[in-house]
Amino acid sequence: MRILNLKDHLRTNSLDINRHIFSNSNCTTSNCTKRNSHKMMMENGISMEYGDGYMEQEEEWEREGLLDPAWEKQQKKTFTAWCNSHLRKAGTAIDNIEEDFRNGLKLMLLLEVISGETLPKPDRGKMRFHKIANVNKALDFIASKGVHLVSIGAEEIVDGNLKMTLGMIWTIILRFAIQDISVEEMTAKEGLLLWCQRKTAPYKNVNVQNFHLSFKDGLAFCALIHRHRPDLIDYAKLSKDNPLENLNTAFDVAEKYLDIPRMLDPDDLINTPKPDERAIMTYVSCYYHAFQGAQQVGNVTHVPEPTRQYTYVPNNYNAETAANRICKVLKVNQENERLMEEYERLASDLLEWIRRTMPWLNSRQADNSLAGVQKKLEEYRTYRRKHKPPRVEQKAKLETNFNTLQTKLRLSNRPAYLPTEGKTVSDISNAWKGLELAEKAFEEWLLAETMRLERLEHLAQKFKHKADAHEDWTRGKEEMLQSQDFRQCKLNELKALKKKHEAFESDLAAHQDRVEQIAAIAQELNTLEYHDCVSVNARCQRICDQWDRLGALTQRRRTALDEAERILEKIDILHLEFAKRAAPFNNWLDGTREDLVDMFIVHTMEEIQGLIQAHDQFKATLGEADKEFNLIVNLVREVESIVKQHQIPGGLENPYTTLTANDMTRKWTDVRQLVPQRDQTLANELRKQQNNEMLRRQFAEKANVVGPWIERQMDAVTAIGMGLQGSLEDQLHRLKEYEQAVYAYKPNIEELEKIHQAVQESMIFENRYTNYTMETLRVGWEQLLTSINRNINEVENQILTRDSKGISQEQLNEFRSSFNHFDKNRTGRLTPEEFKSCLVSLGYSIGKDRQGDMDFQRILAVVDPNSTGYVHFDAFLDFMTRESTDTDTAEQVIDSFRILAADKPYILPDELRRELPPDQAEYCIQRMPPYKGPNGVPGALDYMSFSTALYGETDL
């Protein structure tokens, strides 16, 4: 019975649950130990309400089989719906909570969905031990999250024990749906309850104090929805007398619009004296998560997950908890006192401001002028726009703070706050109403006074407005009519001024009515004895006097404009005639000057003679040009005479052209001076072309002799280089004779260079008397010298090769004949294909198979080691010489060393010193690499590698 009583007390007073448990001095040692263990659970991740006693007592109650059947039914339905709300994310659901979790598969799937983590792979067998293994994996995962499962084993879940299954699901809900709820440092159940209280505080007939009876009529659910989504429920139409309708409305809206499944049965809630607290908490937590989302109300504290199982905690932990609770209570009390002091301060400040403002609003004094009343009205508007809005916010903040304070006092079981006398909310409201009434009366008085003075000022303003408009129109008009600006104008500008004056005359006539209206209004103001009639009369007199002056000045300006127009028209005719004649004559002058100073480039006598003939024809036209020039100048002189007579500023400027008489005179003078200069230039060019013609002939005569001589010498040297005539000594002798002859001929080249230098200095670029140029002759001369030297060098090398290798003259002739036969272009070199054909013609057998290609490539690598793609005669001769004579090879040298080494694959230094001269023996010892083959001895040398390296080979 002690456990049942404690449970009833917990359900009716959830906010004081910790204090009740920890202050129970009659608890046994085992109970205290268990409570301390649950206290450790609270710190390791389980919500504090349930860790302190709620879960402990209900677990004991359930083990005794005392769960209320009505609550069991509600829990079963609610927990099933909660599980399905998560399992549907994985595309599955459960129908029977005690049956569908028996094999552990859907239980593991549920934990994976709500945690976002992956559990160990389940066993797929259908045996009992497979099911137990799966459930144990799920329970181990729950325990890994810091939840201590009391008396819940896998066997009970597999056996379908409904009470254990519901207890396990409730543990999961606590851990993953309720534990992290935190409002103002209150965790889990207390935080969720405080959240509900705050959200439903403004709604009538809703007083959430627990999670059973407070939700029975359905209004609390509807209030939570309406607070966050007022568009979904019309709360004003709900009644506390229709709980079934209220519950169905809330459940239907939550399911349809908030994606919260229907977890509770309205009939069960209504017909059960005390609905199941767990079921309602589970359902309400869905509302919390749906509405709060990632932004929790209050200061949400996420408690870290537990890292160890629950153990016994020393008794001093209760003292620490008690101290924490005291600090919490004191903190709430300090906050409440701060709010009270702030309320008193704001109330005093607001009431004082109202007291100071009222005399100003009640004042009705004015200076009886519209400006004074308007000033007061502007001051009132400034007051409404700048001074009052902060006070409105202050009043609203005052009321908000008062309501917040009262709510906090009520939630913390403190007595309601009663402000100081005269500073209650009603006192402030009454003072504020008095202020608003004074404002209304003051504003009405200001508007009425303004209308009265506006009627009085209307007529004066009308006079002022018309007088201002007239004076604005007349401002500057007298100065404009007296201006002599037309004397500075051109004809088109003068005509525009005349049109503008005609428009002014029309406008002047139209303004006659306005002047008469101004005089009539002034007369009316005098009749009505306006207080400022003196200034009105003075202003009216000034307007009338000015009007008379404007009429006289208008007529005078009209006469002056007509006379100026006549004179400018005559000048304009003369300007136009000048422009018509000056333009083509100026173009002729410009073209003529360009022609006379134009740079010309000629290369022949015919070209310069053509230019001289064209210039003579031009000089014949200068007489007519002189007559046209005099006519144009006379037009300008006539204009200058008229401008000087009538003193017309700017009259000499011609609007039709930018040309002037000075331009024409200057250009005509230039032409007359350039004509004799052009005569002299053409004469000089004629003499220059005559001299150039002489230089061309001199160069051609010499070049036509030197060029053929170089070509003949080149052919002769080439013929000798072919090696087809005489012995090598004869060829060498003849080549040296040609060399001496060429050097003896060099003065002719030098003479030709001097003539060419004169040709270049005279800028002569072509010569029709010869096909030779100095560049081609220089190249030919250098090629001749190069060919002679190259052939001399080749013949000397051939003689050296012949003498050193013992080759006969007949063999050399044969090699040269074969090489020349395939050197069809006489370039002194053969391509690989030509070289291959030459070898075949000399008796070499080169197969057309792959082996033949490899043999030819080895030969080609010898004669063309740099891979130039060509075989020169020297390389060809060297190769043929080596092929035709008996020479030492690497194999022969190796055989010789093998004899000295007594058939060993290596040789010793002593053997070398014994068989070879000392210097040669030391040479071999220093350069032979150590022997690294089998059966070697210390100091053995590798004579085979040494011999191969002597002939540039890499292997044998």
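Glycine too: its Cβ is placed from the backbone N, Cα and C atoms.
Unlike curated entries, TrEMBL annotations are predicted automatically.
Feature list (source: TrEMBL):
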type	residues	note
DOMAIN	73-177	domain 'Calponin-homology (CH)'
DOMAIN	186-292	domain 'Calponin-homology (CH)'
COILED	329-356	coiled coil
COILED	487-514	coiled coil
DOMAIN	810-845	domain 'EF-hand'
DOMAIN	851-886	domain 'EF-hand'
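Residues 391, 394-395, 397-398, 401-402, 404-405, 408-409, 412, 414, 417, 419-420, 422-423, 427-428, 431-432, 434-435 of the same chain lie 6 or more positions beyond the ends of the coiled coil (329-356) yet place their CB under 8 Å from a CB of it. Counting residues per DSSP class in helix, strand and coil order gives 23 helix, 2 strand, 11 coil for the domain 'EF-hand' (810-845). Mapped onto DSSP classes, the domain 'EF-hand' (851-886) shows 25 helix, 2 strand, 9 coil. Confidence for the coiled coil (487-514), expressed as mean pLDDT, is 83.
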